[in-house]
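Feature annotations, courtesy of TrEMBL:
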BINDING   His139, His143, Glu162  Zn(2+) binding site
ACT_SITE  Glu140  active site, proton acceptor
SITE      Tyr224  site 'Transition state stabilizer'
REGION    760-811  region 'Disordered'
COMPBIAS  766-787  compositional bias 'Low complexity'
COMPBIAS  796-807  compositional bias 'Low complexity'
REGION    828-864  region 'Disordered'
COMPBIAS  829-843  compositional bias 'Basic residues'
TRANSMEM  935-960  transmembrane segment
Amino acid sequence: MSVDSTINLEDGLQEVTFLKTPIMATYLLAWMIGDLEYIEAYTSGDFSGEQVCCRLYAPIGLATHGQYSLDLAVKSVEYFSRLFDIPYPLPKLDLVAVPDFSPGAMENWGLITFRTHAVLLDEHATNDRQREIAATVFHEISHQWFGNLVTMDWWSDLWLFEGFATHLAYIVVDELFPAWDAWSEFVIRVQHVLKQDALRTSHPVEVGVVNPSEITQIFDEVSYMKGASVLRMLSGWLGQDQLLKGIRKFMLRYMWGNANTDDLWLTLAEECQADVPEFMRRWTRQTGVGSSIVTCSCLYCAFDSLEPVLNPSTCVQYPVLTVTEIDESTILVRQSLFLSTGDIREGEDDQLWPVPLALATADDPTPKNIMMTTKELILTVDTTQWYKFNMGQAGFYRVSYPSRALDLLGQTLKSGKETETLKTADRVGLLTDAAALVAAGVSPTSSFLTLLKYFEDEESSLVWSEISMRMQELVAVWLEQPEPVVNAIKEVQRRLFKNIVKRLGWTYPEGEDPAIGNLRALAIRFAGRANDPEIVAEARRRFEIFMANRDTSAIPPDLLFPVFEIVLKTTTGLDEYEAIMAFYRETYSPGEKVVALTVLGYGDSPEMIQRTLAFAMSEEVRNADILSALMTLRSSVMGRAELWNFMRQHWDILYERHFDDLRFIEYFILFSIGMFSTAEKYQEVQDFFAKKDTSQCDRILANCLEGIRTRILWLERDREDVEVWLKANGYLGIAPLEEEGGGENVLTLVPHDYSRYASPHRTGHGLQLSLTGLGRSRSGSSVDGSSPETNDTHLSLSSATSSCSSSPPTVYLEHPECQQLNHLYHTHDHQHHHHHHHHHHQHYEHGQEQHRHQQQCQQQHHEQIVQHSFYQQEQHSRSQVYLDESAARLMDERFQLSHVQQDQQELLQKNGGLAETIQTTAATTAPQAMAMDNMVMLSAATSAAVVATVTATVVPPLVIGLEGDMEMLRLSGEDDF
């Protein structure tokens, strides 16, 4: 409230009396006393006839940095006054920057408090920081009406007011800054809560609160972002104009008082003439299966320690829609509970959600508003063209498409028509759904990696932001796997982002679209994270110039974080670390201080890690900023281990010191254990916290444990699948073949689109081709006496880096004549997914097709020649090769060929007749099964010492393509891109 009177007292004191407040909730009352300065501005008064004084207070010398936020405040007061059709209810509005303020912001009525860097913006601020500040300011000011003028009846309704404030903030951002594409950014932010809400340990949006200690724990992503998401879904169903009309009616009815969730639903139902209560209750408070935390000290029980129990107050998360194509004009859609662990238990999938499908097709891209109210639904859709559910991504659910449907959507992206058909939000949605389905075991990780290839020509910074987060997650989960595998995943990341850097460069032209600047910074950061040598060198060069004289032209504001991070991640010395530490101490910019403090955690030497931990807890770092220094330590294996050790050593002191600051406790736990992915760490976490008081943090702890379990299961399922894909696509080197004929290397051959379904270890499908003795002798010549160059011509597998594990390398293959069997294989796969993806594939019986292909094999006995050519693409280290016509015929489920005898090996060395040798072997060892002619063909002019041993299990017929001088193996076939 404004000052009513001021009386000067003795000793220089003053008595200040403020105007009486209107009726209000006590939690919205705040005082601010301190040495502050302010800047001010007034609203136009066009709506109410009276101007409102808006001020921004900040520590001495920093007030001018609040001009951006002050301008936003004036605009938003005017906007929300018109939106609600209610003038701002108080005479003034103050925004205050508080240096040591743990929450991001608090909507105290008429006196909104912010963390300093959440409201102050200097000339060095990034585009992202501007957007973040705008969203925060709009969120808090919307509360001045929705939350303060009308207040929740009880804490169970927290989600409604926080969710609506979040939703309204995006409405005003979209209105005032349309170029920002706010709703696409909203889709990206929603992914965090979709991930959290897929845990058994999540809570309903509308959660009962009995004990005051429970209040602080529900201030999380579910209350904020799921609340906003289901409201956006409601808006998509009713229409935004209708929703806002209902909100105005609600505000006028309950202003200066309290209301609950049901009050809003009933008001909307009156205004919109729709059954809003029934629709929304299914999403906010539907009775279902909850979870209780049962702690057990044994490792075996650790994986089953979150047993579901019936809990009538618990709402079960959200569904995944699984689409099955029945024929070319019919699809079956089935909704089921989605869990990140993928292990749906009996009784958990009994929920039913009303799902707005928003179906768009190639023939009619305008979404059809179909409400799915049953477990299964059959729809007429042309499956030979693309179709997409949840068009616009307003629905709070996932979609699992058949591989062909996903391919058609991907081809639309590659055709360059995505801006006409699939908007940014929809492209983000495709990525996020695919990534989530991978983590849950619905699809193999290789399917997501393959999907990324469709996005190579993507131009949206928001889409690339989502790609970067998914790659970051993949690296984080695989971080403790063998180093060659981790480096190969980073190589995928490097190639994706390096092309963007080549296109955009490092310079920020004047007047450039901020979205392009965001994309440039993102690409430099993630290519540098993947150790691209050119980018690392350029970052270090610019860093040296900047540190020498603080030349901001060397490092534009948007590149400060990427450059600092790249430099620290690629150094083992302390000079760069000391330079960034000095920069932190010197700069007055709140944003630059946060950048410098945060990147310190990227230092990956033992000394740097220990210094970062000590510095974070020193008096130099404010309590509100400690987490910034700790969060990045988890980006390295060593950092994770040391942060976990630090937490265990100092837990009691930190818990006592920050007992009243739940935000600190929760994030400290999250940063310390949130990225573990091994059973050993799961057990350590359980053992440690079993002896501690976790009453203030049991919810976040349960979420972290369930997250660890999710990653453990993910790695168990897809460890081999990822290695297989990396090898097949040229990112992970094939192990060098033994010299002088010693030892044996095995290629595992799988169907051409196998990566979209399951890994060999998951299904048991695959063909193994052993290549023995291929390579150079110790003297440098090939084993058959030809020159090394001649030897490398027909099959060079040793030129890549060595494999990381003992598992055999694998290539993906396709036979052009086996469409029918591929269809049967796919049908079997759909059946697998239809049963929630919990069972291994059963061996598929296809006797008639086997017989048909046996006859084809016998009719097609002729020598195939390996085509010697270079297939140069942007990714120059990967070469595609293929054979002409048919090759390997794998017909019998249990068929095995014995090892080739020594005399056959000698024959092969003399004339290079590999195909003839294999045919002879097949005829002599298993003539009753099939002839193996033309399985692998090498030019007769290029002899090689290769002996093939084939082990076959049930798969469709395959083709392997091998090209001379190839450096890598890659996917070969019509679906290759």
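Note that Cβ sites are derived from N, Cα and C of the backbone, with glycine treated the same way.
Worth saying up front: this structure is predicted, and the values here are computed from it rather than measured.
Projection of TrEMBL feature records onto the structure.
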| residue | record | Cβ neighbours (10 Å) |
| --- | --- | --- |
| His139 | Zn(2+) binding site | 25 |
| Glu140 | active site, proton acceptor | 25 |
| His143 | Zn(2+) binding site | 26 |
| Glu162 | Zn(2+) binding site | 24 |
| Tyr224 | site 'Transition state stabilizer' | 21 |
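Taking the centre of the Cβ atoms of His139, His143, Glu162 as the Zn(2+) site, the nearby residues of that chain (Cβ within 8 Å, site residues left out) are Glu107, Glu140, Ser142, Phe146, Gly147, Phe161, Phe164, Ala165, Thr166, Ala169, Tyr224. The recorded positions listed here (His139, Glu140, His143, Glu162) include Glu162 as those with a Cα within 10 A of the Cα of Tyr224 (site 'Transition state stabilizer').
It is 10 Å from the Cα atom of Glu162 (Zn(2+) binding site) to that of Glu140 (active site, proton acceptor). DSSP assigns Tyr224 (site 'Transition state stabilizer') to a helix in the three-state reduction. For the recorded site, the residue listed as 'active site, proton acceptor', the DSSP three-state label reads helix.
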